[in-house]
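These features come from TrEMBL:
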- 1-20: region 'Disordered' (REGION)
- 7-60: domain 'BHLH' (DOMAIN)
- 97-160: domain 'PAS' (DOMAIN)
- 157-177: region 'Disordered' (REGION)
Amino acid sequence: RRARPGPAEGGGSNPSKRHRERLNRELERLAGLLPFPEEVVAGLDKLSVLRLSAGYLRAKSFFSVPERGNEKPGLLGQQLHSQTDREAPLHLLIFMALQALNGFVLVVTSEGLIFYSSHTIQDYLGFHQTDVMHQSIFELIHTEDQQEFRRNLHWALNPPHAPEGEPSPEGEKSLSSSAVTYKVDQLPPENSSFLERSFVCRFRCLLDNSSGFLALNLQGRLKFLHGQNQRSEDGSALPPQLALFAISTPLQPPSILQIRTKNMIFRTKHKLDFTPLACDAKGKIVLGYTEAELRMCGTGYQFIHAADMLYCAENHVRMMKTGESGLTVFRLLTKENGWKWVQANARLVYKSGKPEYIIVTQRPLGDEEGGEHLQKRSMHLPFTFATGEALLYQSTYPLLGCSDPFQSKWKNSKSRKTSHSHGGYCQKNGVDPSSLLGAVMRQDEEVY
């Protein structure tokens, strides 16, 4: 019998697999060129990498037009050009100016795409800059305010009629259908007062004090968006179109307490089962973990104190039903094997009408304040077998072959070794390692 020829040296036998591998390598290189921190880039999917790359190139081409005309590129252009050098004094000056601003910078095209948003949007709406760039602005705006925003994108406050409930599932088509293209001679001068804008809209907000929406005052003007190389349906080049350049500030100024605690708040991103996906820089300082360490540990319940697990799970279920967990006070495990009290509020983030991930906004609390919350909670939720707490705290459970993880589990070295393997002990005793009981059995005895 003749031997079947093997695959060519240096490559696999599946052309589609080789193509996917090359595509993934190029996307990784492209992601590495984006002007965002490493931990942010690590959490981007492939479509987000392409979306942000396209948005960045559009912004670069816009800011290169004023430079060719010997004009100053302005605040946004200076920020964009200085992104590659984080230590540049100009970049630090702009960063401080944005931090001092009670609001964030927003640029929206005539068809409703977010052309640019400053990173400070996260402090007011809870969305990261990468979540909103080159996305439809109407996905963030309250349905009752969408027509008002669309009106202000039109130079004469008279946009073409758009059907209710936009954007439609066809996204891009619905956006382009509501946009109007003009010739330059049909518009008033760029410094005309007709192009000034000041109006109020309610935006979706993931923070815990907003009831789902935050009223923002948008103040700015319509300006030409140069260098976009847009073309009409017949292929002819279109002149630059107007876009809204605005500063968005909360309608209600922040209180002294909000200003004082603003720098303490951190945010985390989770899958729908609460598995950690990302954590901002403040969260890494508070908890001590890197983003990779959070993602490697499996379910997020392994970081929660055993006495708080069922309480958090109850609010998790509530959030999956209503979209919001409500204020939840519990203890998180730090990298130094200590416990940190936090006050958290979790919200579901939807895309195309379906829940996609969870954003949790958390504020560190002192031990005394956390203890007060625990005492109030204990008065309303006594530990009984009826509610299931006995599975965690009693010496015997109604589970066959499963002993107390806090007593017999650590009495011999053999069980100690199996307890540290990923789910080995739990699976042997018929316990799902991703369950609450499995999570507490995988925790180290020393943290208690």
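A Cβ is built for glycine as well, from the same backbone N, Cα and C atoms used for every other residue.
Across the range of the domain 'BHLH' (7-60), the DSSP-based residue counts are 39 helix, 0 strand, 15 coil.
Look at the domain 'PAS' (97-160): DSSP puts its residues at 27 helix, 13 strand, 24 coil. Mean pLDDT across the domain 'BHLH' (7-60) comes to 81 in this model.
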